[in-house]
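Asks: First, the structure itself, so that you have it in front of you.
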Amino acid sequence: MQFDNIDSALMALKNGETIIVVDDENRENEGDLVAVTEWMNDNTINFMAKEARGLICAPVSKDIAQRLDLVQMVDDNSDIFGTQFTVSIDHVDTTTGISAYERTLTAKKLIDPSSEAKDFNRPGHLFPLVAQDKGVLARNGHTEAAVDLAKLTGAKPAGVICEIMNDDGTMAKGQDLQNFKEKHQLKMITIDDLIEYRKKLEPEIEFKAKVKMPTDFGTFDMYGFKATYTDEEIVVLTKGAIRQHENVRLHSACLTGDIFHSQRCDCGAQLESSMKYINEHGGMIIYLPQEGRGIGLLNKLRAYELIEQGYDTVTANLALGFDEDLRDYHIAAQILKYFNIEHINLLSNNPSKFEGLKQYGIDIAERIEVIVPETVHNHDYMVTKKIKMGHLI
């Protein structure tokens, strides 16, 4: 498929056009027509109903939903993607509410600041969806994409979306979407590209605190940051004056290894080795909340159960439905840029960290090997990291 850039899509939306938004291939892997409510024209919903044929919904911000008392359709949402459907509505000035004109009127009234809850009949023929406050950075769905796109065009936070179906009633994917794009001369973007666009446009970290932190390995400055859109907390240890070319360790949090000194892995030993090195040579340790290579603590324990049954650290993650490594280093790159660090000597044995930082514009001048002893308990783990994950150990 041939995708357009986000800026061109925003321009099209602001001109009242409809675009195609495609989600992740591991999610629905489908394309929705998306329009911004404030900019859409009288033909938008008719075009969606005639050409796309899916369910026409109206994503809105939480503020709009709360102001108009748009309560959830069900108390117990069992949708596999957690889509926040509210009760369906028609504006009181409609008749049956189903015509394209009347659904357009209902959608437009959703963003009218003079509208009140009593102005909408329930149930109706338009289906509002409530977007997460942090948009696609919190949930990579079409609901959040529509509201984010509306905001990025300077419009009120609401849109209209409709799944694209083929003539035979199946969902349009891949080449079907490309053909639809070409037939109707529409812009087409991905939610992944929208996520990256927002990451580049908006600050993702917020400085919260700085303290002196005496440790068994020396006294460090400890900085606390908060990830703006995920609310994750990130700790940074530094030693000495921060330089533009700095020694840096990215360390993924490992409760079992770092705190309980588990010998299943080498994480705790790597952290101690890195703290000793940074204390002696100066530099920085960025402590990232990426437990279990991004799958979380409880899922890591589930992976350990599988390892006890004969799986290795890679196949266990795959068996649980995860990639072998879910980590992303964009937040780490943001922190480095916060400190004006342009070049780093990276303390790591993991090549994916090099590539992960390079894609966000961080220059890695040198790799510093982190040497830790192997134990009888982590031998198989170390072998798997070397053979299957390419670690330089």
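Placement of Cβ uses the backbone N, Cα and C atoms for every residue, glycine included.
Heads up, here are the entries from Swiss-Prot:
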- ASP325: active site, proton acceptor (ACT_SITE)
- ARG327: active site, nucleophile (ACT_SITE)
- ARG27, GLU28, ASP32, ARG139, ASN140, GLY141, HIS142, THR143, GLU163: D-ribulose 5-phosphate binding site (BINDING)
- GLU28, HIS142: Mg(2+) 2 binding site (BINDING)
- GLU28: Mg(2+) 1 binding site (BINDING)
- ARG249, LEU250, HIS251, SER252, ALA253, GLN270, GLU291, GLY292, ARG293, THR313, SER348, LYS353: GTP binding site (BINDING)
- CYS254, CYS265, CYS267: Zn(2+) binding site (BINDING)
- 1-200: region 'DHBP synthase' (REGION)
- 201-393: region 'GTP cyclohydrolase II' (REGION)
- HIS125: site 'Essential for DHBP synthase activity' (SITE)
- GLU163: site 'Essential for DHBP synthase activity' (SITE)
Asks: Identify all same-chain residues not among CYS254, CYS265, CYS267 whose C-beta atom falls within 8 angstroms of the centroid of the Zn(2+) site's C-beta atoms; report them in sequence order.
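Replies: Near the Zn(2+) site, the remaining chain residues are SER252, THR256, GLY257, ASP258, SER262, ARG264, ASP266, GLY268, GLN270.
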Asks: Check HIS251 (GTP binding site) against DSSP and tell me helix, strand or coil, would you?
Replies: strand
Asks: Please report the three-state DSSP label of HIS125 (site 'Essential for DHBP synthase activity').
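Replies: For HIS125 (site 'Essential for DHBP synthase activity') - judged by DSSP and reduced to three states - the answer is strand.
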Asks: Taking GLU291 (GTP binding site) as the reference, which of ASN140, GLU163, CYS254 (the binding-site residues) have a CA within 10 A of its CA?
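Replies: Among ASN140, GLU163, CYS254, the ones whose Cα sits within 10 Å of that of GLU291 (GTP binding site) are CYS254.
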Asks: Over all shown protein chains, what is the count of other CB atoms within 10 A of the CB belonging to ARG293 (GTP binding site)?
Replies: 23
Asks: Which state, by DSSP, holds ASP325 (active site, proton acceptor): helix, strand or coil?
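Replies: In three-state terms, ASP325 (active site, proton acceptor) counts as coil.
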Asks: On a C-alpha basis, identify the one among HIS142, GLU163, CYS265, CYS267, ARG327 that is nearest to ARG293 (GTP binding site); the candidates are the recorded positions.
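Replies: Its closest listed neighbour, by Cα, is ARG327.
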Asks: Return one of helix, strand or coil for ASN140 (D-ribulose 5-phosphate binding site), based on DSSP.
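Replies: It is coil.
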Asks: Which Cβ among the binding-site residues (ALA253, CYS254, CYS265) has the fewest C-beta neighbours inside 10 Å?
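Replies: Each of the binding-site residues ALA253, CYS254, CYS265 was scored; lowest Cβ tally within 10 Å is ALA253.
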Asks: Please give the greatest C-alpha separation between any two of the GTP-binding residues ARG249, LEU250, HIS251, SER252, ALA253, GLN270, GLU291, GLY292, ARG293, THR313, SER348, LYS353, in angstrom, as a whole number.
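Replies: It comes out at 22 Å between the most distant Cα atoms.
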Asks: Where the residue listed as 'active site, proton acceptor' and ALA253 (GTP binding site) are concerned, what is their Cα separation in Å, rounded?
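Replies: Answer for this pair: 14 Å between alpha carbons.
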Asks: Between ASN140 (D-ribulose 5-phosphate binding site) and SER348 (GTP binding site), find the distance joining the two CA atoms and give it rounded to the nearest Å.
Replies: 31
Asks: Could you tell me which three-state DSSP class CYS267 (Zn(2+) binding site) falls into?
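Replies: In three-state terms, CYS267 (Zn(2+) binding site) counts as helix.
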Asks: Let me check the 10 A CB neighbour count of ARG327 (active site, nucleophile). How many other CB atoms are there?
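Replies: A count of 18.
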